[in-house]
Amino acid sequence: MRVAIIGAGVIGLSTALCIHEQYHSLVPSLELEVYADRYTPHTTSDGAAGLWQPYLSDHGNLQETLWNKETFDYLLGHLGSPAAKEMGLFLISGYNLFTQPVPDPSWKNIVLGFRNLTAKELELFPGYSYGWFNTALMLECRSYLPWLTNRLTQRGVKFFHKKVESFQEVSGDGVDVVINCTGVRAGELQPDPELQPGRGQVIKVLAPWVKHFIITHDIESGIYNSPYIIPGSEFTVLGGIYQHGNWSEENSAQDHKTIWENCCRLLPALQKAKIVQEWSGLRPARPWVRLERETVRHGHLQAEVIHNYGHGGFGITIHWGCAMAAARLFGSILQEKKGASPPQPRL
Amino acid sequence: MAAPKVAVVGAGVIGLSTALCITETCPSCSVTVLSDQFSPNTTSDVAAGMLIPHTYPGTPIHVQKQWFKETFTYLFAISNSAEASEAGIHLVSGWQVFKNTPKEELPFWSDVVLGFRPMSEAELQKFPQHRFGQAFTTLKCDCPPYLLWLEKRLKATGVQMYTRKVADLWELHSEYNVVVNCAGIGAHQLVGDEKLFPIRGQVLKVHAPWVKNFIRDGDGLTYIYPGIHRVTLGGTREKGNWSLSPDPGTTKDIFDRCCSLEPSLRGAQDIQVKVGLRPTRRCVRLQREVLSQGGVKLLVVHNYGHGSGGFSVHRGTAKEAAHLVGECTAALQGSSSRAKL
């Protein structure tokens, strides 16, 4: 049985791993293939700082909150393992700052040690009158994606450097199931007006004295349009740009200025930090994640597709829960194929 | 009288911060720092510089708390300023974990550090051998940066600094009006203080930049303190041991203990080993003394014996020492004006 995963960001690679882990012993003929035109370090995932943190509100989307929790617990379980360093996984504490009191987030009991900030702590952040402190996780994709790639390679998964133009292209080639993890460009395979780029820009600096993440929020301007500072294992990421509908992957001088001035105001010592890199990426934004099966027909032929895209700015945060959900969908496809009598002619 | 000449003996965190406080409280004083060692070769350079106080059995708690609060407030302001990275001062959060619940669940400094609270069950799961813990955010003074920053501030105010081994405070009586003794463990020999003894500490300084939180075992023996460039892994507390040579068996033991608290440390690179002698006393010797020899007087202010709590109380004790220096110079003014009559 051939399964093609399109997309090699955090979603594509983790979904591939999850499916292989769960089904390779049940389906001896299982062959997984990854198709992507961009691999690490050139995926959207690679540009992300890697902080596990969902948006402030899940808009009643309990499904997504559950997937976030599954991801956090899965990663937490790997913290003490020898693989943690190679995965780019570590604990980190930090601050979420607001200009007014806000309700506690859906994830307050998922992270460790969630609490409100004390008055003295707020003195550190003039202009902010309310906030949270908690310990969460970092998962740096420039380590995690190579780690996933190694695990997949060990398992015999094949990788192809190729831009897939249609589902039919792979299914017509004899692939039984297609897993669509194409992120922001999913619309090129199948139009999806709900999917829009949420353009972000970040500045990577050397600021090793910063040990906490600091994420500010401006309810008016919306998520990620307010400065944030996220220290990684080597660089500190400065950000605070979210432009809905902007497809440009070019760095903008105006955005650079916005990020730099706002972050230096937040942490004056950053003025001394050395700038190492600048990067822009497109968050695959959608009102909710598209995680569902679809039978794609072309003439009298059909193929099973599992969509797993639209994770916005919380792909790393939610990836494993989604990978497991996609694996369950894959399982149901297997069930049906077992029960099905004459196999359908493939596209 | 002409500008009082003050010599500060010692250039660790106590000597330098005391010299700085003296320039602040006595702008007319001429201050000189004399030491046989400067950063990076002082005891302070070995320490992690964490603001987690040690309790001195011989000092009233309210005094220790005042010293700590003074120090914390001072460093908090620096950490929040543009100078933070140059001064090596940064905030760090983490956990102090106990295998057995401590008698005193709330240490005297719990309301000085930030966000102090007991650890949650979920947080304790990361430490299966420990049953109780405290989470808080405190400050860290990285050395050499902090000492170099103090030296820079001192030079800017005109303070001279000389490498010189002072074997006897009397050597200084002809050149200086007041001598401030911040010799740390050196005071054992310098002023013959038998109550001062070393508590030897061996530490490892490793490259493990993914470690962002501190972890300390409440027994004080095992700790992981992430600094700007290196993580300090500790340690030992060997009373009366004067040896400054690293012990390889101890290195392995420290590394293993720290890895059991934080397994990812197995991947740490470039392990450097350092040894420091904590200048330990029942209480910090922070007092004036008038030495007399053949009719000649020497005014001395002692500020040494901070043991493992040097960084935690340095600014508080420096200010008190500067105040005592002020008393000395006032006394000198008084006697010199009397002499003119």
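Backbone N, Cα and C atoms are what each Cβ position is placed from, and that goes for glycine too.
Record features (TrEMBL):
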type    : residues                   : note
BINDING : B:Thr43, B:Ser44, B:Val166 : FAD binding site
BINDING : B:Tyr223, B:Arg278         : D-dopa binding site
DOMAIN  : B:5-324                    : domain 'FAD dependent oxidoreductase'
SIGNAL  : B:1-19                     : signal peptide
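The C-beta environment of B:Thr43 (FAD binding site), restricted to residues of the same chain at least 6 apart in sequence and closer than 8 Å, consists of B:Gly12, B:Gly184, B:Ile185, B:Gly276, B:Leu277, B:Arg278, B:Pro279, B:Gly310.
Within its own chain, B:Tyr223 (D-dopa binding site) has B:Ala48, B:Met50, B:Phe214, B:Ile215, B:Arg216, B:Asp217, B:Thr232, B:Leu233, B:Gly234, B:Gly235, B:Cys258 as residues 6 or more apart in sequence whose C-beta sits under 8 angstroms from its own. Residues 26, 28-35, 37-39, 42-45, 49, 141, 143, 146-147, 150-151, 154, 159, 161, 166, 169, 172, 175-184, 186, 190, 303-304, 306, 310-311, 314-315, 317-318, 321-322, 325, 328-329, 332-333, 336-337 of the same chain sit 6 or more residues outside the signal peptide (B:1-19) yet have a Cβ under 8 Å from a Cβ within it.
Taking a C-beta cut-off of under 8 Å and a sequence gap of six or more, B:Val166 (FAD binding site) has these contacts in its own chain: B:Val9, B:Leu34, B:Asp36, B:Leu172, B:Ala183, B:Leu190.
Cβ neighbour density within 10 Å is lowest for B:Arg278 among the binding-site residues B:Ser44, B:Arg278.
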